[in-house]
């Protein structure tokens, strides 16, 4: 007879935590795969597929690179004096003017991009004895031959090209960027036809720097009908400094300067469409939400962005260890506590009670312990997000071929940083997951110990997270245990009396079992004695003979 279930003078009270049929696998310090009831993804692994134009000012470069817009390529005239937070260069961008190359292209591109403006101011350079505003069929502006709008191609006047010596002081309180060039003719005949001298020379200097360029005459691959080239150079003139230009031929002169600004603007190569929306973080793949601490979309970012990590997923446990409920004998047919398994269907709390008494069965959540666990887990999640969601952007890194070793070093440094961030992120999440599981287990144990202290000798720990209560405990009594108002003194005498009676019955049942076992053993012994006696009697009568052969 099972007194814990059938005797109206007793009751069973179990403590447990909620469970779900299919939990989420997370990593901890001690276990790579542990199932929890709930987890939050910390890695943003997808973008919106479009670049949001708010709050950042996005300038769509369309078919113009930033350098083409800077020089004034005819098809980029719409970008004159433009400003931006982020200049988006498209893969479809192309040059449509005289073929050129840029000395230290990446540095100039980065400098102009960070300035965030193409604001240009014309200055009154005096070029005496030469013809200005040269053009080329390779650079048409409308039906006529043209040239870069920010540059002035100087050629001979009549049959002379005098030595040019021009100075331009910087009397303002900001840096000025001057862009100039040197023309490399394809033949000696072209050289003399344009500049008279068989070999020209261009020297541009300030108090801090000097560059002297001698043209390289020779044929090159044809581009837009030209085998000559223009080399573009640039010089920054600080406030109080002076720009000096000296040349006897081949000079592509500046028309003025670009006003340099110190800012956090940038440039990005992307083919993602630009749309009207709001996002703090932009990647070449598109804008991404900013509500997680890590992202795996792209290393290159602009704005208040998430840290890039290698992992495509990092799950932070926001629930307890999941132990699905065993349903072999029904919900209460096999009432059991948290030591055996969790409870499914607890929708109003994480921890709770199940009871079985003379009035039937029931279940209720313990809101206090549930709220304590939730508050600590939410605080942990917020701390992780705040700790890792630093506002920064990672610009593109470019280097020319001669800077290959620098590029390799830069790539190594960036890869190492990403490796460290990825390792730190994984370690942080594993540590926090371990703490969360320990924390939720601790809250369960606290509730169990609190209940044990209330019941004292009035109940017995059944070893599975349940208590056998040795007195009649109706629903009001069960509720007093749950809310902490249970008075064990009221039920002590009844509990002691019932305990002795139940233990006595269990003891008698135990004696009966022992007597049965002893009787069975004696019967077996007597049967063996009778069988042995029969064998001895038959042997003496000669009915049984035993031969031993060696």
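Every residue number used here counts from 1 along the chain in the order it is shown.
From the backbone N, Cα and C atoms, a Cβ is placed for every residue, glycine too.
Now, the feature entries from Swiss-Prot:
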- 52-277: disulfide bond (DISULFID)
- 64-76: disulfide bond (DISULFID)
- 97-139: disulfide bond (DISULFID)
- 281-305: disulfide bond (DISULFID)
- 473-477: disulfide bond (DISULFID)
- 7: N-linked glycosylation site (CARBOHYD)
- 8: N-linked glycosylation site (CARBOHYD)
- 22: N-linked glycosylation site (CARBOHYD)
- 38: N-linked glycosylation site (CARBOHYD)
- 165: N-linked glycosylation site (CARBOHYD)
- 285: N-linked glycosylation site (CARBOHYD)
- 483: N-linked glycosylation site (CARBOHYD)
- 546: S-palmitoyl cysteine (LIPID)
- 549: S-palmitoyl cysteine (LIPID)
- 1-514: topological domain 'Extracellular' (TOPO_DOM)
- 536-550: topological domain 'Cytoplasmic' (TOPO_DOM)
- 515-535: transmembrane segment (TRANSMEM)
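The structure, with features from Swiss-Prot marked on it.
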residue: 22; record: N-linked glycosylation site; DSSP class: coil
residue: 64; record: disulfide bond; DSSP class: coil
residue: 76; record: disulfide bond; DSSP class: helix
residue: 139; record: disulfide bond; DSSP class: strand
residue: 165; record: N-linked glycosylation site; DSSP class: strand
residue: 277; record: disulfide bond; DSSP class: strand
residue: 285; record: N-linked glycosylation site; DSSP class: coil
residue: 305; record: disulfide bond; DSSP class: coil
residue: 477; record: disulfide bond; DSSP class: helix
residue: 483; record: N-linked glycosylation site; DSSP class: helix
How long is the line from the C-alpha of residue 139 (disulfide bond) to the C-alpha of residue 76 (disulfide bond), rounded to the nearest angstrom?
12
Spatially, which candidate from the recorded positions 22, 64, 305 is nearest to residue 52 (disulfide bond), comparing Cα atoms?
305
If one measures from the C-alpha of residue 64 (disulfide bond) to the C-alpha of residue 22 (N-linked glycosylation site), what distance in angstrom results, rounded to a whole number?
53
Rounded to the nearest Å, what's the C-alpha distance separating residue 76 (disulfide bond) and residue 281 (disulfide bond)? Just drop the number here, would you?
28
Distance, residue 38 (N-linked glycosylation site) to residue 281 (disulfide bond) (CA atoms, angstrom):
28
Work through the disulfide-bonded residues one by one (64, 76, 477) and point out the residue whose CB has the fewest other CB atoms within 10 angstroms.
477
Which one of these glycosylation sites has the most other Cβ atoms within 10 Å of its own Cβ: 8, 22, 38, 165, 483?
38
Residue 22 (N-linked glycosylation site) and residue 38 (N-linked glycosylation site), distance between Cα atoms, whole Å:
10
Distance [Cα-Cα, Å, rounded] between residue 483 (N-linked glycosylation site) and residue 305 (disulfide bond):
47
Of these disulfide-bonded residues, 139, 277, 305, which scores lowest on Cβ atoms within 10 Å?
277
Whole-number Å only: compute the distance from the Cα of residue 277 (disulfide bond) to the Cα of residue 8 (N-linked glycosylation site).
67
Measuring Cα to Cα, how many Å separate residue 22 (N-linked glycosylation site) from residue 477 (disulfide bond)?
35
May I ask which residues of the same chain, at least 6 positions away in sequence, place their Cβ under 8 angstroms from the Cβ of residue 285 (N-linked glycosylation site)?
47, 49, 270, 272, 297, 298
